[in-house]
Amino acid sequence: MKRFALLGLPNTGKSTVFNRLTGMSQRVGNWPGLTVELTSARLLLGGKMVELVDLPGVNDLTGYSDDEAVVRDVLMSTAFDAAILLLNAAQLDRQLPLALQVLASGLPAVVVLNMADEARLLGISLDLPLLRQRLGVPVVLVSAKRMEGWPALLEALNRQAASAAVASHAQLERVPETQQAIMQARALLAGCWRLPAVLPAGITEKVDAWLMHSCWGLPLFFACMALLFNLTYQIGTPLQGWVGDGLDWFKEAALQHWLAPLPAIVQSLLLEGVWQGVSTVLTFAPILFVFFILMALVEDSGYLARAAYLTDAFMARLGLDGRGFVMQLMGFGCNVPAILGTRVMRERQQRLLTMLIVPFSLCSARLQVVVFFAGILFTPHQAPWVLLLLYLLSFVVAIFTAWLFKHRYRGNEAFLLELPPYRLPGMRHMLIRAVGEVRAFLELASSFILMGVVLVWLVSHIPAGDNKTLADMLGTVLAPVLDPIGIRHELAVALLVGFVAKEILLGGLAVIYGVPEAGLGAALLHHLDWASAMSFLIFTLVYVPCLSTVAAIRRESRSRSFTALSVGWSVLLAWLLCFAFYQGLHLLR
Amino acid sequence: MLSLDKFPLGCKGVVDSLDLSDEAFRRVAAFGLIPGSHFSLMRSAPFGGPLVLEVGSTRFLLRRSLASLIQVRVAE
């Protein structure tokens, strides 16, 4: 089988071209021998099966950013039959140097100039035959969005695939340095590519006059975020509810009957352990799908870069970039997609720092718990203010965490971000991307989540003498840490349940006090005093949001120690806050 | 000659020199900012936020901390 690499700078429409060429057949997988995940797909070109590998967008082959290292590693470790070099036809002045570096490495290449439509609108003059002659490789001009120039592209790819040459490794030692490549590109473009002296003002300038305005920009940003957020949950939550109902129905109508002949303990393991895990994973799918569609809209339209511009002054002080703020806000709906969404940040340190603070966003599942507790602990007049205070607390905790860890995860000072012209994202492209993201999450996170759920089931079912289970023992064992923060021993199990998902925490509490969920408020008031209930609530807010978030962090960071740090830090911080609250209250009394 | 963070908003300029590490230079060069290149300063975010530059048909934002290391002059 032949193997082609798809290479280009960020924002050149690489994934659109990839999707156009391969459709739904793509898959995300670990690259053999390297700890990176790449998207690849098989397609038929020139009568041969070709594996097309989508490499991360890079500016330069000699640089040391994370993505540049990945591209170099892949090119060094793997033989390719050809590189498809994607360049923005309107920005050849800064994009051709990369092409020259790749050509110098000796890989056979097809140069694809994308965004022909935008180049035309800008009035750019291009002598394609002359460029082809100077580069000495096939060059085609396309607009991937409009499928313009597609037959010529396919013809060039077919011819490349039909060639009898054997695959070769890129000779990276022959790649010219940045400055040298820029000079070569400049000489090469003289006389065959030219920008007009004055660029025509387009719609982008008019929109930016509002969206990047020094007064209106930020309010409009928050309005956009509120809209995005509401759309995600207005559409996603009912879908999530239906999936949940459907799974419950299946459990009650079919699963329980099928499992009835089995011994009670096995039934419990399968229903409350395994099935609970399966449902937890599956109910995330709709919200992730909606989130990724909307995020693709924000990113591909070009707005995300504007959001970064508006919030960067504040975020830079926390060691983050403006895009982290968008993820932090999205986390207020659900932390899982927000963690996966940090992928827009290409620098690892920045991503890790953002992933560390996202779990403190008070998500909708925790909101349920907060609303319930606020309702029983405060008067109807006080409750909304308490809620507001807890939202503020989650922001403060996130800011404090970023401030504390910003030196450990120091990002590169040289932060530059392209502000692409506003573009209308393609519907098909967004759908393919969302389906791919959801599938990848389900494949990689499901085993982790399932394992966690079964583990918690085991802890709460393995007998430990005296008619008690390991979970009951937990409270006693943890007494030295629970007592100073005023959390009663029996609630250790509730915290363990809450670790799996906050959605099932209230149900867990009802089981602990042996009451139906409707009577839970009265039972809690009876068993807990005000201070200890508040302490439990604060702990619930700050510690690990849920197992799925942990799975997402594990998948995105590819690091067990980082995942452990994230979990450990949130538990420690929760404990410290509860300690300060509970002991402070005691001193005041 | 003045540093880019002090450059007048809305004006066109030419890059004189960049006092950057190799890695930072590569990043900046990838957006077309190299000695001799022409740019225009389109916007500047409030509260010490980033600047928006245009080089050729490429627009991008860069932080003031980085801009202060780039020496430029106003284009005639």
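Positions of Cβ are set from backbone N, Cα and C atoms, glycine also.
Because the structure is a prediction, the values reported are computed rather than measured.
Residues or ranges marked as domain 'FeoB-type G' by TrEMBL: A:1-163. The GTP binding site annotation in TrEMBL covers A:8-15, A:33-37, A:54-57, A:114-117. The Mg(2+) 2 binding site annotation in TrEMBL covers A:Asn19, A:Gly23. The Mg(2+) 1 binding site annotation in TrEMBL covers A:Thr22. Taken from TrEMBL, the feature transmembrane segment applies to A:215-233, A:278-298, A:318-340, A:352-379, A:385-405, A:440-463, A:469-486, A:493-513, A:533-553, A:565-585.
Features recorded in TrEMBL, as mapped to the structure shown.
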residue	record	contacts (Cβ under 8 Å, 6+ apart)
A:Gly8	GTP binding site	A:Lys14, A:Gly57, A:Leu85, A:Leu86, A:Leu87, A:Gln95, A:Leu98
A:Asn11	GTP binding site	A:Gly57, A:Asn88, A:Glu418, A:Pro420
A:Asn19	Mg(2+) 2 binding site	A:Gln26, A:Arg428, A:His429, A:Ile432, A:Arg433
A:Thr22	Mg(2+) 1 binding site	A:Ala41, A:Arg42, A:Leu43, A:Leu52
A:Gly23	Mg(2+) 2 binding site	A:Ala41, A:Ile432
A:Glu37	GTP binding site	A:Val28, A:Gly29, A:Asn30, A:Trp31
A:Pro56	GTP binding site	A:Asp67, A:Val70, A:Val71, A:Arg346
A:Met115	GTP binding site	A:Thr12, A:Gly13, A:Asn88, A:Ala89, A:Ala90, A:Ser143, A:Ala144, A:Lys145
Can you tell me whether DSSP puts A:Pro56 (GTP binding site) in helix, strand or coil?
coil
Below 8 angstroms Cβ to Cβ, which residues of this chain, lying six or more residues outside the transmembrane segment (A:215-233), approach it?
287, 290-291, 294, 298, 303, 306-307, 309-311, 326, 329-330, 332-333, 364
The transmembrane segment (A:318-340) and the transmembrane segment (A:533-553) contact flag, 3+ Cβ pairs under 8 angstroms:
yes
For A:Asn11 (GTP binding site), which of the three DSSP-derived states applies: helix, strand, or coil?
coil
At a C-beta cut-off of under 8 Å, are there same-chain residues at least 6 beyond the transmembrane segment (A:469-486) that contact it? List them, or none.
458-463, 492-493, 496, 531-532, 535, 539, 575, 578-579, 581-583
Number of Cβ atoms other than its own within 10 Å, given for A:Lys14 (GTP binding site):
22
Using Cβ atoms and a strict cutoff of less than 8 Å, what residues sit near the transmembrane segment (A:493-513) while being 6 or more residues removed from its termini?
276, 280, 363, 365-366, 368-369, 372, 452-453, 456, 459-460, 471-472, 474-475, 487, 519-520, 523-524, 527, 536, 539-540, 543-548
Close approaches to the transmembrane segment (A:352-379) from elsewhere in its chain (Cβ under 8 angstroms; 6 or more beyond its ends):
233, 237, 319-320, 324, 327-335, 338-339, 342, 345, 386-387, 390-391, 394, 397-399, 401-402, 405-406, 409, 411, 498, 501-503, 505-506, 520-521, 524-525, 530, 533-534, 536-537, 540-542, 544-546, 549, 553, 556-557, 562, 565-566, 569-570
Chain residues outside the transmembrane segment (A:565-585) and at least six past its termini with a C-beta under 8 angstroms from it:
355-356, 359-360, 397, 401, 481, 484-487, 531-532, 534-535, 538-539, 541-544, 550, 553
